[in-house]
Structure formats: C-alpha cells, structure tokens
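A quick write-up on the structure given underneath.
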C-alpha cells in the first residue's frame, strides 16, 4: 500500500529539487525567480499530495479510523500553511 505513496513522495521531491536547482542557475544568469518558487512550492506540496493519496488508500481499505486521522493531519497541514502565508 505504501509503495505508491513512497513513489509519489520520491518523485515529487526529486522534481522539486531539479526545478529548484535549475531555477537557481537561471536566476544567476537571467535574474528570474519563477523556477525557484515553483521548485519550492513543489517540495512543499508533495507531502500533502502523498498524505492525500494515503488517505484515499485507507478509505478504499475501509480503515476509517486511520482515514479520519490522516484527514485531520491533512487539515492541520493546510491550516498551518495558510497561517504562515497570512503572517
């Protein structure tokens, strides 16, 4: 069950790091920050997507207690990100 979630997490972090490194290189040459921001957002969003996919897998397995806990954790992550942007 967790192999798919681990693959999503690895792929997302890898793509985020690649975009971040390319963005840093482009930023030094052309002073464009867009790829750096896209890489950072990708790295931030990847664990949330992984947690959401685990939640769906738990729901399909009819593990409602773990599903509820994963949704609570996802809600806490979303609220904390929103609170960080509001500061």
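Keep in mind that glycine also has a Cβ here, set from the backbone N, Cα and C atoms.
As recorded in TrEMBL:
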- 12-30: transmembrane segment (TRANSMEM)
- 36-60: transmembrane segment (TRANSMEM)
- 67-86: transmembrane segment (TRANSMEM)
Other same-chain positions with a Cβ less than 8 Å from the transmembrane segment (67-86) and lying at least 6 residues past its termini are 44, 47-48, 51-52, 54-55, 58-59
In the same chain, who gets a Cβ under 8 Å from the transmembrane segment (12-30) while lying at least 6 residues past its ends? 36-40, 42-43, 45-46, 49-50
